[in-house]
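According to Swiss-Prot, the features are:
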{"type": "DOMAIN", "residues": "8-250", "note": "domain 'ABC transporter'"}
{"type": "BINDING", "residues": "Gly42, Tyr43, Ser44, Gly45, Ala46, Gly47, Lys48, Ser49", "note": "ATP binding site"}
Amino acid sequence: MSNVIIDLKNIDITFTQKRRTIQAVKDVSIQIEKGDIYGIVGYSGAGKSTLVRAINLLQVPTAGKITIGEDVTFEDGKVQLTTKELRQKRQTIGMIFQHFNLMAQKTAYENVAFALRHSKLSNEEKDKKIRGLLELVDLADRAENYPAQLSGGQKQRVAIARALANDPEILISDESTSALDPKTTKQILSLLQDLNKKLGLTVVMITHEMQIVKDICNRVAVMQNGQLLEEGSVLDIFSNPQEDLTQEFIETAAGIEDALAKINAQPLVKNLPASALLVQLKYVGSSTDRPLLTEIFKDFGVSGNILYGNVEILGDTPVGELVVVLDGDSDKVIAALKAIENAGVSLRVLKKGAQ
C-alpha cells in the first residue's frame, strides 16, 4: 500500500478576470507522504496558497488529478466526489491561517466547540474532546478566555485545537506564523512538530520564509510564478540548490547575504593579496568532522583565515558553511582547492586577489 497521502498530478489552475486569463498554477506535480512535514515555499504570487486550496477543493483546478488518501477528488476537469463525500473528505483536512479567524464573542472553549457543531458525539463526549484538545495545545487554563484576552500565540493555539477537532489526517498551515514574533513562531512550530509525532499528523506548511522550512520540514517544494522550480528533502535542497531562487531563499535564511556584505567591506577583502582567494565552503554530513583547514595548511602550506562560519543540523545531518581567505603559492592553492573538493566539500570562489 502506498504511503502517499496527497498526490497532485499536473495541476493547472486558471482564472479569468476582465477578459484576461491568469494561470495561477501551471502543471504542478507533488507527492506528500503520511507523516511528512512538507513545506511549500515561494514569494507572494507564487501560487502556493492557490495550490494548497486545491488539495481540499476549496479551489477547483482547471486540469490535472488530485488524490487524497485513497480517494481521487478531482480528475479530467471534474470533481469526482458527491457533495456529501466532499464534505466528509474535507473533515480529514484541518487548516490554520495567518489570521486566526476566531469568533470574538466566543470563548476559546466555544471556538473549538464550533467545529464540532455537526458531530454525532454526545455533549459529554464533546466536552471531553474540547478540553483534551485545549490541553494538547497547552491552553487548558484558558478555556473560558475570549480572544481579546489571549496573545497572538495563544489565539493560534486555539485555532490549531479547532482545526484538530474532527481528527484530521492532514493539517494545512497557510502562513500561520507570519503575524507572530520570532519567539512565539518557534513555540508554534515546536507545537506543530509535537502534533506531527504524537498524532501521526501530516503537516503542509505554506510559507515565504525558508527559515521555517529549515526549522520544521523534512521535504520542501519551491514555487515561482505558479510553477514548481524544484522539490526534494530539505537536506538536499539546502546543501545543493539547483535554482537561483532557491539559493536566494537559502542565503536569506542563513543570513549569508548580510555576512558577505560585511565581509566584502573588510580591508583584508577589499585589498585581497594577489596570492589569496576568498572562497565559500559548504560541508554536509561527515565532511563537517574533518579539520580541513588544518590539513591543507599541513599538506600544502596554504593558510585559511575564517571570516564567517555557521553549522546547523537539518534532520540529523550537520550542514556547515565557511567563508575563508586561502593564501599561499599559486600552485599550492590550486592543489588545496582540489583537496577540498575531493573531501566532499562544495567550493565557490567569491573573489580573486588583485593581480
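Here the Cβ of each residue, glycine as well, is placed from N, Cα and C on the backbone.
Bear in mind that the values here come from a model prediction, so they are computed numbers and not experimental data.
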PLDDT averaged over every residue in the domain 'ABC transporter' (8-250):
91
Can you tell which of Ser44, Ser49 has the least company, meaning the fewest other C-beta atoms within 10 angstroms of its C-beta, among these binding-site residues?
Ser44
Around the ATP site formed by Gly42, Tyr43, Ser44, Gly45, Ala46, Gly47, Lys48, Ser49, which additional residues qualify by having Cβ within 8 Å of the site's Cβ center?
His208, Met223, Gln224
Going by DSSP, is Lys48 (ATP binding site) part of a helix, a strand, or coil?
helix
Write out the long-range same-chain contacts of Gly47 (ATP binding site), meaning residues 6 or more apart in sequence whose Cβ is under 8 Å from its Cβ.
Ile13, Ala24, Val25, Lys26, Val28, Met223, Asn225, Gly226, Gln227
Show which residues of the chain containing Gly45 (ATP binding site), separated from it by at least 6 in sequence, have their CB under 8 Å from its CB.
Asn225
Could you work out which of the binding-site residues (Gly42, Tyr43, Ala46, Lys48) has its C-beta surrounded by the smallest number of other C-beta atoms within 10 A?
Tyr43
